[in-house]
Every structure is written in structure tokens, then in C-alpha cells.
Amino acid sequence: MSPMITSILILNLATGTIITMASFHWLLAWMGLELNTLAILPIISKSHHPRATEASTKYFLTQAAASALILFSSVMNAQMTGQWSILQLEDPLAQTLLTMALAMKLGLAPAHFWLPEVLQGSSFKTGLIIITWQKLAPMTLLLLTWNQASMLTLTMMGSLSVIVGGLGGLNQTQLRKIIAFSSIAHLGWMATIITKSNKLALLNLTMYILISTPMMLSLIFSSTKTTQDLTTTWTTSPMLAPLTMMTLLSLGGLPPLSGFMPKWLTLEELLTQNMAPLATVLAMSTLLSLFFYLRLSYSLSVTMSPSPTKISSKWRLKPNTSALLLSITLPPSILALPLTPLMKP
């Protein structure tokens, strides 16, 4: 793909998200989501590999169905209330339909099946866009309608997503699928807390993007695609291996790393609102996710099976790519826990 076409697609990708985030009219928000979807499709399928084409087709069908549901719910609400404002979603059926549509767009369980398949068929750079930038527009709509959305539906979907994200990643060896299930689990935390405290949901999203970005960039930098590849990461980038391990543990929510902050504040808020059973379900389900993060960290800890030194190195080293973004995002993804008092809503 030529640089000019890539630039146009990325510009459209950014424009679509910004239109949705800045709009208070349902048709404008829908138009932004459509522009966003159409811009990412060529980026997913640019390698012309059958798996990439399959991934872009699955992504298109899922997002098109979700967009149709959003349009249907907004038309229904406009018919009932006579207005198209996003902040005036009063019809109960329209609220439920919108919640389902946004869950499908984000990849919340039980509408999560497309996310691991699409991520597996995409490159790591495209995967980074899908799990970070592509979540902004639907999450903005969810944040705008947080006090009108169906609380029971979101709580059930959130809890189910955390469980499914933990269970789904246990038997995976492909890093992209593990990252997809990790994304589902983190979205579950956001969906659960959004009806109780929208500021905490925003903090969860911010921290997830802040930790996921350096993790994905580390994997791109070290050219690792499977758990087996992780065992030889130290041969190409010895300094990056322990930093990647700490980023993975931060994503799992282990103290004293940054990822512990949103989980800690979320559980505290749930307990304050007398939702101890829900907090227990989330905390116990997160242990499943933590297990596969620990497994990946173990693979990174130079645990390769005994073999001659000459075959432990990769036979071809990639030229050094720009590590500026990685250098900027890595420190806050690991060391932001002391800022908790400033972040607390």
C-alpha cells in the first residue's frame, strides 16, 4: 500500500473517531462510526493474505450489524421522543438495543467472538489500532449515555466478559489471541463500573490504552508472535525482555505496578456501593487473566529448554525501528501507581 493511501486512511480513521466524540446528534455519531469502520478495513486486509481478508470481512460484518442496531435504536428513540440528541435516550427498548450494539462494537461478551479472530488475522500494528483507537468512539457513546443505559445488562455483560476473557486466554499460544482475550476482560471491568462511576470507567480505559500500547510495541520491536518466540526475546533485545515482562504484569493488575490502580479503585467503589458479590466475582475472575500473564512472563524469563548457544539466537535480526513512542509510554505503564491520589475521582 502506497504511503499516500495509508495517510488518507489514517486521516479518515482519526476523523471518524473525532466526529463521533464531538457529536451530540445520533446521525453524526453514526456517520463517524461508519467512516471509522470503512477506514480500518483496507488497513486490516493490506497484506492480501487469505487470513487478513477473512479478518477484515468478519470485522466489516460485525461492525455493520452493530451500526445498523445503533441507527435503528436512535430512529426508534427519535420517533418516541421527537429528538435526536444522544443525551435524551428515554425509550427503554432503544436503551437496551444501543447497549447491545455498543457491546458488539467494543467486543464485550457474549458478542465478543469476532475480536480474537480479527486480531489473529491482522498485523501487530493493526491490532494495536483495533484494541486502542477503535475503542474510543463506542466508549464515548457509552460514557455519554451511562446514566440512561441498562444497568443490569451492562453489569451482566461486564461480569461475563471478565470471566470469558480469563477462560479464553488460558489455552492460547498465539500472542494476538491472548491480547484479544485480555482486551475483552478489561472491557468487562469498564462496562461493570460505568453505570456506577463514569469517571472510573474513563480511568480504566486510559490506563488500559497506556499499558497496552508499550506492550504491543515491545512485541513488534522483538518480532514475537507466539509464546515460544518469547523464550528467545533476550537474544535480540536483552533490555526489552524484563520491561515487557513488567508491562504484562502491570496489565494483569499486580501491585506495585500501574495496572493495579484502576482495579483497586473499581473494587473500592463497588464495595462502597454495597456490591461485594460483584466485586468478588470480578476479583476472582481476574486471577484467570493473571495466570496467563504470569505464564507469558515465565516464558520471557529466559526459560528456554537446554540447547546449544549457537541455535538460541535468531538467524535474522530485524533492523532497528523507531522506539520513541515505546520510550514515552513505557515508564507510565509501569510506574504510575504513586499518582493514585491525583487520579481518584
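Placement of Cβ uses the backbone N, Cα and C atoms for every residue, glycine included.
What TrEMBL says about this protein:
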- 25-288: domain 'NADH:quinone oxidoreductase/Mrp antiporter transmembrane' (DOMAIN)
- 290-343: domain 'NADH dehydrogenase subunit 2 C-terminal' (DOMAIN)
- 152-171: transmembrane segment (TRANSMEM)
- 178-195: transmembrane segment (TRANSMEM)
- 201-221: transmembrane segment (TRANSMEM)
- 233-255: transmembrane segment (TRANSMEM)
- 275-294: transmembrane segment (TRANSMEM)
- 323-343: transmembrane segment (TRANSMEM)
Query raised in the report: Sequence gap of 6 or more, Cβ distance under 8 Å, 3 or more pairs: do the transmembrane segment (275-294) and the transmembrane segment (152-171) meet that?
Result: yes
**Report entry** Mean predicted confidence [pLDDT] for the domain 'NADH dehydrogenase subunit 2 C-terminal' (290-343)
**Finding:** 72
Query raised in the report: What residues in the same chain, six or more past the boundaries of the transmembrane segment (233-255), come closer than 8 Å to it by Cβ-Cβ distance?
Result: 182, 186, 211-212, 214-215, 218-219, 221-224, 262-264, 286, 289-290, 293-294, 296-297, 300-302, 312-314, 317-318, 330, 333-334, 337
